[in-house]
Amino acid sequence: MAILVNKDTKVVVQGITGKEGSFHAKQCKEYGTQVVAGVTPGKGGMEVEGIPVFNTVKEAVKETGANCSLIFVPAPFAADAIVEALDAGIELVVCITEGIPVKDMMMVKDYMLKNYPNAKLVGPNCPGVITPGEAKVGIMPGHIFKRGKIGIVSRSGTLTYEAAYQLTKYGLGQSTAVGIGGDPVHGLTHRDVIEMFNKDPETEAILMIGEIGGTEEEEAAEYIEKEVDKPVFAYIAGITAPPGKRMGHAGAIIMGGKGTAKAKMEALEKAGAYVIENPAKIGETVAKILKVIELEEEERTSDAE
């Protein structure tokens, strides 16, 4: 089952005639994703990598039945592109674009809440979503992911890749990996995605990768403590980050003593998550702990018999 995307997902790429849009549309298509349309105003009637281009998302949806949008529109116009996708009936919007003004994203979030409360936005400033072997909607290198039972949710693109590579190396595949993005105002949160994984029968364990800034990891910890009965592993980047200095992502900043890696790690440990302190040990730690859990379950089963 996985979450968010699968082999039936039909993708429209907004900004497909640009350099990044055309390159990644081709990569997604080659992975096996149904990339059914592209959109660039004024370029309707063209084809990019055999994908028909339309002037509007509405037109693309009408002609192809697209239900997911992948956005590569420049930052000044990206908020309008998200709104256009929502207005066209798109259920899942994945926005890769970095550098969208905070006020633009606040407008988008407000617009979604009022008009499309059931629609889902991943990003912006994210690597996208991949369900290994079924669909890739984003910019991640597909070959490092393997079908399996661990759900990944992360604020960092490159740490997502590192974690997936390590898990795959230890024979642990992924159900779905979701890069939620590193901007301060964005769509789906850690908590949202963990809730989806918790309800997904194909996901048996969850790996969350957070970083300094904001309180989303703490909010996820509250949900984990109350609702999640699957093993949750967590890595928080930025242990040595100084207060007030932005660390890579726009949202990765400690302000007013809040958003520290230490506070997030403590909240997650209290919630029962397995907190990993070294990013090089993610795969090894997950593999070891899952093996212990498996052995404990086998012992309980044999005792019951």
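Quick reminder: no glycine exception, Cβ is built from N, Cα and C everywhere.
Taken verbatim from Swiss-Prot:
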ACT_SITE  His249  active site, tele-phosphohistidine intermediate
BINDING   Thr17, Gly18, Lys19, Glu20, Lys43, Ile96, Thr97, Glu98  CoA binding site
BINDING   Tyr161  substrate binding site
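The number of other CB atoms found within 10 A of the CB of Lys19 (CoA binding site), across every protein chain shown, is 9. Sequence-distant contacts of Glu20 (CoA binding site), defined by Cβ-Cβ distance under 8 angstroms and a gap of at least six in the same chain, are Phe72, Ile96, Ile139. Glu98 (CoA binding site) sits 10 Å from the residue listed as 'active site, tele-phosphohistidine intermediate', taking the Cα positions as reference. The number of other CB atoms found within 10 A of the CB of Thr97 (CoA binding site), across every protein chain shown, is 25. Of the recorded positions Lys43, His249, His249 has the largest number of other Cβ atoms within 10 Å of its own Cβ. Of all the binding-site residues in the record (Thr17, Gly18, Lys43), the one with the smallest CA separation from His249 (active site, tele-phosphohistidine intermediate) is Gly18. Checking each of the binding-site residues Gly18, Lys19, Thr97 against Tyr161 (substrate binding site) by C-alpha distance, the shortest gap belongs to Thr97.
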